[in-house]
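Listed in TrEMBL:
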- 12-37: transmembrane segment (TRANSMEM)
- 57-76: transmembrane segment (TRANSMEM)
- 88-111: transmembrane segment (TRANSMEM)
- 143-162: transmembrane segment (TRANSMEM)
Amino acid sequence: MVRVLRSCIQSILKLVNSVIGMAGLAMILYSAWMIRVWQRKMGDLPFDHDSDYPPPWFIYTFLGLGAAFCVVTCLGHVAAETANGCSLYLYMVFVVLLLMLEAAITVDVFVNQDWEKDFPMDPSGSFDKFKNFIRSNYEMCKWVGLFLVSVQGLSLLLAMILKALGPHQYYDSDDEYAPDRVPLLKNAPPQYVVVDPGYAHGNDAWNRSNR
């Protein structure tokens, strides 16, 4: 029963974890598109240190978050497949850090009225475009954000349950196979021991001398 439950939780964790990976890939693709736009407008890549413009921090941040989501996804698949305690702990730490980062940004946006001043100027203008897109599609973005946070929370819960169930048992105790071995022992043919006659007569002589 425990083995079946563990397999089901592993499959669900892989499925839920894939949603985080798809979100990370979408962020990386969006970052690649922003890099292409920057290159067409400025004539060079945003990673060029010789550029006269300040670095576009929004592109860096989005690309880093997408890469972090993909790393967490790979780690989650390894942890779900092996059900190893160390991998599960590491996966849970990364998910908790992502949740804390998202919670801090959300609180800053909703509590601080001047939250835009906390971010530096983005020379690429991608931050302003992204901000305007969220404002014009607030309901959709709100549900997408809630869905991603719920997926991360569910993956954290599944990892905790999988850690509580323990790793796979690649061996079974002797008690489970004891009933199957007993009939084999009962039906086994009798074993005969061949003794050297000289050795047997020698023992009889030694016993008589002792008497």
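Keep in mind that glycine also has a Cβ here, set from the backbone N, Cα and C atoms.
TrEMBL entries are annotated by machine, without manual review.
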Quiz item: When only pairs 6 or more apart in sequence are counted, do the transmembrane segment (12-37) and the transmembrane segment (88-111) reach 3 or more Cβ pairs under 8 Å?
Solution: no
Exercise. State the non-local partners of the transmembrane segment (143-162) in its own chain: residues 6+ outside its ends, Cβ under 8 Å from one of its Cβ atoms.
Key: 6, 9-10, 12-13, 16-17, 19-20, 23, 76, 79-80, 83, 88, 91-92, 95-96, 98-99, 102
